Structure formats: structure tokens, C-alpha cells
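Worksheet for the structure shown next.
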């Protein structure tokens, strides 16, 4: 039996607990919410922090004046107040009001995903990086030697042993619960649910998450140089579950994985929950094509790579970036045990994903893509919006000390003390050049976009023609503005897997299983998740595809009107789209 199989019976049905260095439970008292039990404890250790802004951050931009207005200098009390009229960065969540996480409508996570609450919650300091003598180098998982594997297994075993005290913030389940709390409706900020996916928070949140997880593992084996491995799924040699995670009885093994995808099965980076009989070579080819599209074609600018802006007061899940969309989500779906688990546990659902050790290996490679993307050049650089830079999260470090962290402090992995062992990136040179058709599709024979949208359901392949805002643009114009194919108000049931593919200059007879064609523009995917305040579970967001390079490759730069085809792969009968347009956006 796997270690994750007993989760529902070993974790207590409570909301949160004060942190004690001895982890001793004392008397209980009720929270303001009658249905929630709050267990108090006393810490023998303490920390001191000045709330003076000069001691918070030496960076002049670190203390945003709007944060002061929100009372964030005194920390969490203002997190649940109604939002101000102007935007502001997302504050750390209010741990004292952490509530029930949800699997889906009417189904709550049966254990608390909330972390223990420190006694000095209103004085939690900002994290400062400790001094270091050498970088921690994260290796590709498939190439790890047995000495490394043994060390990683030992560290994970010791982390699992800490689950004997379910309130130990360093325990494996408490670490997994971080993802559950931030992603399944347990937290609210500004009166709205906090969600760290489907927006520009995706990359920085997960980078900080792995940073502390990695340091905890290292501390448990007394090795400050220990580094997490990365699942090198963007290289053909790494396109399978790394062997170290596929050993039954190991602390790195999880029973709740798709058993059809073990023993060296090639991963499909575009997986959408259904098994497709595709030759291995074609899967690998599709994978490299997807990587090129997501890292190069569709992400020439920061906004496309990181995702939509998500300031305080805005609705959660405004729109995901290219890598979060694919391959991040399909890897979750492919690994999770959808055939045997109702909700695709473990990797196939946000609330349970952290219960599989491979989650952290997967996200290490996702994080590596952040570094690789900036190396491609052009305008691929970090965002500069202060609402992004000053957004904050809450974590415990390896010494069980609580800290606040800012996005601005995680932009350079080397400054954080880690880097990635280099591996070839063959996808960089994998631009699809082979065309499905020899000429231009007759757009006059295809219904115009105004006759197709709004679309009630994407239950079959559809084609439409659409007019571009400008044609025959100069190189300078292309450098200044990216041409964006924009799908407005895509709505669907967020409890289901969703994917559809987008093609240009082909009709609905296109072979959508072969993605290594110049006309393939990109895909939209979604992992099941829940908005706690959204009782009808309908997600509505915008999906954007950068198409400037694509139009050049297909030879459509001078065309005023182009053909677009959408091919549903999963959940299309639940997908509606209000409108589609092409816009020019500053890069």
C-alpha cells in the first residue's frame, strides 16, 4: 500500500493550529466560524521583528504605499477586506481565516489543508537569503546516479516520518497541503478567493514553494547542497517517468498514478485525459513541436509567458501563460490516476498533486523553463509591474520559522542559491516547417467569425474566417507589437479536463493528431480545479495566441483575412466562446 493511501484517515478534521516547537496540543477553543475547530499551542521558540518599513526591505520599491493603506505592515488582518478602487499587489493569505478546500461542487477535501498558525502572526518577517558557499545544482532526474537517488529517498522518508505530528509544517503532508490551500479555495484575499494558477502568480509561487521544500529535504539529511531533480520532459531522453519515481516501496513512489504510463511509457505533453493510439516517434515529435510553440512562437513577450495580470481585487484565474497551459497541465493529467481515481488523484487534481513526490520534480522543470525562456532572447524578460513584483506568499523555512516572501526576490535562481545542470534543448530548433496544405485556404468559402460566435459549445471541429487589424507589417512594427489571436470569455465547467487545438490556414478536416505542421498555432488546456465562491463552477477567461511568427512561416503576412480552425480534444461539449478577435499588443 502506498503512503498516500491512508491520507483520509490520518489527518485530523480541523482547520488550523498554532505552531509549537514541541508540537503539543493543549485546550481547544472555537473560531469565529462555529463549524471550525481551532487548536491552540504555545511555541517555546520565538522571533523578533521590527515592523518599521526600513527593516522590511532595503529596496525602495519593496514597501508599496498601497500595502500600507491595506494594513499589510501589520500583516494579515487586511487580507479579507473589500478591495480598494485602485489595484494593488496580492498580499500573503490570512492564515487565521483559512477555510475548507474543495475538490468539486458539494465535495470538500475531508482534511484541513491549512498550515499551523504562528503565535506572532502579525509580525511575520520577510525572508532573507542565508549566506552560501556554492550553488545547489538541480540534476536531470533520468540521469541521476544511485548515490543521489539514495540520498533523495532518505530525505523524503524522513519528511514522511514527520507526519507523525500532523501539525509539523515540515511534514510531507503539510508540505503537500500548501498546494491544496493556495489552489482549492481555502484562502481569500481582498474578499475573493486566492488562486495561484491561471495568472502571473504561477511561476513565482511555485519557485518559492520548491525553494523551501528543497531546503527542508536538505536539512533532514544534513546536506545544505542537496538539490531537487528536474523531470526533463522537454528532451527525448527524459520523456518518461524517471526511474527513481517508479520503484514500488520507495518513498518516491505513489500508488495513485496512471498504471498505463509506467515502465518507460513515452509521455504525451499534450495529453488530455484520453488514450490515443499514436506512434512513439510521433508523440516525441509532437512534444518537441509543442515545446517550440510554447517557448518561442507563442511567448515572444512577458505577458504571454507569465499569464494575465492578477492584482488585488480582481477575479481569480484571469488567464494562464504558455508553459502553465502546456506542458504543465498535460503532465499533471498524464501522471494522475484518472482510470482508477474519481478526481484524477494524485497529480491530476490541484488539491492532491503535492502528495506525489514527482510533483516537485515536474515543477522543477517547469521552473527551469523560466530560466530557459529568458535565455532565448528578444523581449523575453521578467515582468516589471509593481503589482507583480510586490505580491507576497507565506512559507515556513527548514527551521520551522514562518516568513513572508515577495515575487521580486525570486527572479534570479542563482541569487536564491540554485541553478540547473545543463541539458540540450532540441525544441529550440524544432520549428515546424512542413505544411498541411500547399496554398491558401479560400476564406470566402468559410463562415466569417461574426456568424460563428458566440459559440454555445465546441462539440465538434469548426472553421471560420477572421480579418486582421493590419497586414504586410514592417519588421519594426512587428518588433513593437505582437499580433494576438484572442479568444474572449472561454467558459466551461472547471471540474473537468478541457483541451482544444488551434490551426491556421486549414479547414476542419485537418489531422489534429499530427502537431508538427506549420499551421498548428497552439492549444488550450485546463486541469480540474474549484473556485470556492463559484457555486456553478463555470470558469470564464481569455486565451491568447501570439501568431506573428506563425503567419510568416505559413506565408500569410500579406493577407487581410485568414482561416482559423478549432479542434476539441476533451470537454468540448462544455466549452463556450463568446468572441474571437485579432489584436495588436505592445510587447
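Each Cβ is built from the backbone N, Cα and C atoms, and glycine gets one as well.
Per Swiss-Prot, transit peptide is recorded for 1-87.
For 98-114 (among others), the entry in Swiss-Prot reads disulfide bond, with the evidence type similarity to another entry.
In the three-state DSSP scheme, residue 180 (disulfide bond) is classed as helix. Listed in sequence order, 101, 109, 113, 186, 350, 351, 352, 354 are the same-chain residues at least 6 apart in sequence whose CB falls under 8 Å from the CB of residue 180 (disulfide bond). Swiss-Prot lists 113-180 (among others) with the feature disulfide bond.
Reduced to three states, the DSSP call for residue 206 (Cu cation A binding site) is helix. Under the heading Cu cation A binding site, Swiss-Prot lists 179, 197, 206.
Same-chain residues at least 6 positions away in sequence with a Cβ under 8 Å from that of residue 328 (Cu cation B binding site) are, in sequence order, 362, 366. Secondary structure from DSSP puts residue 328 (Cu cation B binding site) in a helix. Per Swiss-Prot, Cu cation B binding site is recorded for 328, 332, 363.
Take the Cα of residue 98 (disulfide bond) and measure to each of the binding-site residues 179, 197, 206, 332, 363: the nearest one is 179. Highlighted in sequence order, 206, 324, 327, 329, 331, 353, 359, 362, 366 have their Cβ within 8 Å of the centre of the Cβ atoms of 328, 332, 363, the residues recorded for Cu cation B, and are not part of that set.
Closest in space to residue 363 (Cu cation B binding site), of the recorded positions given as 114, 179, 197, 206, is 206, taking the CA atom of each residue.
Within 10 Å of its Cβ, the residue among the binding-site residues 179, 197, 206, 332 with the fewest other Cβ atoms is 197.
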